[in-house]
Amino acid sequence: MTGLSGLRYAHSAHPVLAGSPLRTAAAALLLVGGTAGSAALFITAVVAGGAEDLLFAPEDGGPVQARELAVSLLLVPLLTLPAALLTARLALRSTAGRVCSVTGRFRWGWYARCLAVSIPLTALVSAGGLWLTGTAPGPGPAEPLAVLAIILLCVPVQSFAEEFVFRGVLTQVLGGPWTRPVLAVAVPAVLTSLLFSLVHAPAGLGVLAVHTVGGICYSVLCDRSGGLEASSAAHTAWNTALLISLVFAAPAHGPGGGSALQAAVATAAIDAVLVGALLLLARLSRTAATPAAGPLPAAGAAVSPSRCP
């Protein structure tokens, strides 16, 4: 059996999925079906418990409530991570750590360095955007400290879960069957970015295309850094800045300023700058993009555990 050395991140499942379209289809179905099953169980439990209000967003213009915000942020990991972990173990014959990076573990030091770059960049850009658009501090939520704590604690978990599912497990499922490494990287990058944009329900084809391009930038970052840490850090910083600005600031001229397409283009441009900075950091840090040489266990063989949050 060939070793893992030389396989790019998106190509990690190639020894397991190559020449087996049925296994690839089963992996995709397990991921989608498991997520749908988790959603059905959650809805059933909520309805049975008489907490249907958790299923609906607050009215437009209403104050943000700490409980509803926490539920909305934690729904993503709650509904998607069990299916993603099951797919990695059963269909990819892999571990959570191998999905996190080519080293077989989540690289906390690398993640911290990426956060140290991402947070100041997104904070600077967000502050500049609020100033340029004439946005002033709003009345804020009724429980500002609780809401801020929830944002700071839950957004990293939510962002990591989205990266683990889309640019982690799904990328390896879609990239594994290809023989040519360039296709193993390019095809999942386009498809997962398109699916990610569709899930976030952008308005119009133009917005969808722009969001997809931004997603491809994040996929390139995963490929060049060999894992999910850099994209998770960028995703965390961006989502945190966005949520804080939405919750604690109010547009001076009402919500109608600027089109959705203009906002999407601005977001994609900022994503490109952020990804470029992290790619430079990865190069300067000599972050591993491919795993060290080592034997790959045969399909069905036991896999040693790896660390991952």
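Every residue, even glycine, has its Cβ placed from backbone N, Cα and C.
In TrEMBL, annotation is done automatically, which means it is predicted and not curated.
The average pLDDT computed for the domain 'CAAX prenyl protease 2/Lysostaphin resistance protein A-like' (147-240) is 93. For 147-240, the entry in TrEMBL reads domain 'CAAX prenyl protease 2/Lysostaphin resistance protein A-like'.
What TrEMBL lists as transmembrane segment is 27-49 (among others). Sequence-distant neighbours of the transmembrane segment (27-49) (same chain, 6+ residues past either end, Cβ-Cβ under 8 Å): 17, 55, 75, 78-80, 82-84, 86-87, 90-92, 165, 169-170, 173-174.
What TrEMBL lists as transmembrane segment is 69-90 (among others).
Residues annotated as transmembrane segment in TrEMBL: 110-133 (among others).
Look at TrEMBL and you will find 145-166 (among others) tagged as transmembrane segment. Here the transmembrane segment (145-166) has long-range neighbours at 31, 35, 64, 66, 69-70, 73-74, 76-77, 80-81, 84, 99-100, 192, 195-196, 218, 222, 228, 231-232, 235-236, 239-240, 243-244, 247, 309, meaning same-chain residues at least 6 beyond its ends whose C-beta is under 8 angstroms from one of its own.
Per TrEMBL, the feature transmembrane segment maps to 178-197 (among others).
For the transmembrane segment (203-221), the residues of the chain that approach it from at least six positions outside its boundaries are 10, 163, 167, 171, 185, 188-190, 192-194, 196-197, 230-231, 234-235, 260-261, 264-265, 267-268, 271-272, 275, 278-279, 282, judged by C-beta separation under 8 angstroms. Sequence annotations record features per position, and here TrEMBL assigns transmembrane segment to 203-221 (among others).
The feature transmembrane segment is assigned by TrEMBL to 233-254 (among others).
Taken from TrEMBL, the feature transmembrane segment covers 260-281 (among others). Counting same-chain residues at least six beyond the ends of the transmembrane segment (260-281), those with a Cβ under 8 angstroms from any Cβ of the stretch are 113-114, 117-118, 121-122, 125, 129, 202-204, 206-207, 210-211, 213-214, 217-218, 220-221, 224-225, 230, 233-234, 237-238.
Beyond the ends of the transmembrane segment (69-90), by six or more residues, the same chain brings 27, 30-35, 37-39, 42, 54, 57, 96, 98-99, 147, 150-151, 154-155, 157-158, 160-162, 164-165, 168-169, 172-173, 247 to within a C-beta distance below 8 angstroms of the stretch.
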